[in-house]
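Trainee: First, the structure itself, so that you have it in front of you.
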Amino acid sequence: MYMGNFSFHVFDHPMSRGFQNRFSTQYRCYSVSMLAGPNDRSDVEKGGKIIMPPSALDQLSRLNITYPMLFKLTNKNSDRMTHCGVLEFVADEGICYLPHWMMQNLLLEEGGLVQVESVNLMVATYSKFQPQSPDFLDITNPKAVLENALRNFACLTTGDVVAINYNEKIYELRVMETKPDKAVSIIECDMNVDFDAPLGYKEPERRPQHHEEPTEEEADPTSYADMDLGFRAFTGSGNRLDGKLKGIEPSPAPLGPSDMKRGIPNYEFKVGKITFIRNSRPLPRKFVDDDDALNRFIAFSGEGQSLRKKGRKP
């Protein structure tokens, strides 16, 4: 889950925000791809604004409305509604052009009727989005991508599924929640953004790691006779000087119970582990005292020698 805080700054119209007269009319709506003209208007698909006819601008200019202009779009046949801004007033009379994702939210087909009303929305403080595909998690910095995409939007409506374009791919996000109202303006706002888990996303299963010790098979004592216990005399094969083979092949004498050297068993023995046992026993106290007495230094206790032998007098 991601959380962010970013601002949108759009130049506001200097007209006063006084009491507004209501603008309400019906248009036949078409997607932007139906807009006639040599210029490519794919930029309209990347935002939340519509294109209206010039007569709408003439009528709006005579009303004391709030700027920037925000509108409520309603499909009376399906009882669906959303909110948007206006990008230009260049459409043919009686026609308005909508982004494709907006027509899907309103359940409108090409040439359907839509009611357009001017509204005044509160400034957004919080919004929560849910990506409609786990592919949205592949974006390195989704907060920055959403911030850049929302610059082309004027308002948000709870329940809408907005579409943003990033790296030539369309990502759809559902508006789960907006504050302080279900429809808010995101122009010149400081809005906290939160992301819900994508639709169809499953948490990866975390398997507990068990450190299993290798099982040790109990050794069969009868197999000890097959182990190499060292040198065994007269177990080799002989050869003749004339090159003839001997008639009887020698066989090693079988080991008897007395041939197997047995000591104190190591009850803590484990297969694959080498243990060095040292047979060092402490000397008795009596021998330690005798060694100390012999090694103790005693002054003038040596024997003298003379170069001249003294004989006995007769």
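Using the three backbone atoms N, Cα and C, a Cβ is placed for every residue, glycine included.
This is the feature table in TrEMBL:
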COMPBIAS  202-213  compositional bias 'Basic and acidic residues'
DOMAIN    23-121  domain 'Ubiquitin fusion degradation protein UFD1 N-terminal subdomain 1'
DOMAIN    124-198  domain 'Ubiquitin fusion degradation protein UFD1 N-terminal subdomain 2'
REGION    199-223  region 'Disordered'
Trainee: What are the DSSP helix/strand/coil residue counts across the domain 'Ubiquitin fusion degradation protein UFD1 N-terminal subdomain 2' (124-198)?
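Mentor: Summed over the domain 'Ubiquitin fusion degradation protein UFD1 N-terminal subdomain 2' (124-198), the classes give 16 helix, 36 strand, 23 coil.
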Trainee: If you run through the domain 'Ubiquitin fusion degradation protein UFD1 N-terminal subdomain 1' (23-121) with DSSP, how many residues end up as helix, strand and coil?
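Mentor: The breakdown for the domain 'Ubiquitin fusion degradation protein UFD1 N-terminal subdomain 1' (23-121) reads 23 helix, 38 strand, 38 coil.
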Trainee: Let me know the model's mean pLDDT on the domain 'Ubiquitin fusion degradation protein UFD1 N-terminal subdomain 1' (23-121).
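Mentor: Computed over the domain 'Ubiquitin fusion degradation protein UFD1 N-terminal subdomain 1' (23-121), the mean pLDDT is 88 on the 0 to 100 scale.
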